[in-house]
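Reviewing the structure listed below.
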């Protein structure tokens, strides 16, 4: 007898032999079911249960169900491509955020017409409602099969699997693909999809390997969800930070410094405003600021463990045959050196050490994307050295600070991913228990909802990832807090405890923005360049109608600059309509327009960004209102 526990209903049923999901689920449940979990592992509904188990039904409404449908769509796309272009070889086709892709080896360059034809063929395959059939094969069986049909990339994948290990393939109609699964019952479960674009990709991500063509697609539960997503993409394209940056003259990137930013006056002003804001928050919350070297000997990276784990992403300089230097990819080992420069007591803890640290990582050129993915960046980095019993209270304080910063920057929807102990880790279970409990209690105390990310903690401790939602519903993972038991020990950090003996501190790695570059990119897209006045690089533009107003405009400008207002005064001979268009396209939030009447009456005409309405204010009232708006933060 096999005993099956239905977790949702908390019911137990017994069956006389092996059963599948189709055998044990009621017809109503089967209509909604995509797959099921057996003792935590995802199974196809057709896969047999062989022993006592706990099951959980996965429906399309679940995230796991949607991910399976996207996986189905990837296989359907591969089948469609093979039917339309038989000489194409298939490689890999995983799911990604919001969709899927599949890489193809072909001499053909896929066009937009090809994508339309592939979509049409996919709809035919979906309408045919082919069953997804799972089969377990030996390694030899798979190599022989894929060799016979000329799929050399599949042979390459199978050849990398240990000889004694079985693998799974899935069949749909006449199409067979190597796959771990699971899949839904049939191709007809895919209800709404669209192919998005074609891009290049290297086989196994190796730039020395063959170039493939990657077709991206998206799939959703229904057409309404698909249309909502496509509209969001349209809006995201309008908000692309690279386009807006050009209009606002914020920054540029060029081939001579790939992955690094040339900040222009307006962009660097925005950068400095954000840095000053964060610095003030840190100082008000008990942090002190340090500055550490950019170029550090490999000896320190070897001691910290980063040389083995991170070397491929470092920029390395050979000073001599025996001495190598690395441009730092992170700040933490250098902060431990500052901690170690004094004898520390338990009375000194916690120590909150912050740095706007410039770091470099050798990211592949294909992964670089405007401000969102760069090689040279600055982190709002800080490390808290504390006793184990202080982890909870320090985490609560950090969560409160993070919520305050995000809210003031315009992000009020925050979620948290909690990553607990991985299988391979340092430290004993008792220490991990205490650290995980401290983080969870802190997140709850801070009033934040969290999602468990099982086994995804670092080898040195559990971590929290903070995700904010922007104005068009996209999620961005920015803030982090990681508990580290290992680095202080590796680098010899200690404090003198109440017992007079040496103890290693716990190190909390934490950031709110992540990197300034990426966060500024997020801000640009969130606000579509229309920043709140306190954050805008130029807060006010004074525009004159004729040169008769120049003296009055200059006088106002000088007074406001002394009060810290970031201001531009346009005294050019251009028409006022042109000046308004020019400064509006630069996203200046407030315009003051000055003509003969304003000079005579000591007034200004105020026009806000996005409005055609102009209102006349006395200079005194306009100034008071402007300063009030600026000083909201």
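Using the three backbone atoms N, Cα and C, a Cβ is placed for every residue, glycine included.
Among the features that Swiss-Prot reports, Zn(2+) binding site is placed at 332, 383, 509. In sequence order, 304, 381, 383, 484, 487, 507, 509 constitute the residues six or more apart from residue 332 (Zn(2+) binding site) in its chain with CB-CB distances below 8 Å.
For the domain 'TGS' (1-59), the DSSP-based tally of helix, strand and coil residues reads 10 helix, 28 strand, 21 coil. Swiss-Prot lists 1-59 with the feature domain 'TGS'.
Look at Swiss-Prot and you will find 240-532 tagged as region 'Catalytic'.
Take the binding-site residues 383, 509: by the count of other Cβ atoms within 10 Å of each Cβ, the lowest one is 509. Taken as a whole, the domain 'TGS' (1-59) shows an average pLDDT of 87 in this prediction.
Close to the recorded Zn(2+) site, the chain also has 330, 331, 335, 381, 382, 482, 484, 487, 507, 508, 510: residues not among 332, 383, 509 whose Cβ is within 8 Å of the site's Cβ mean position.
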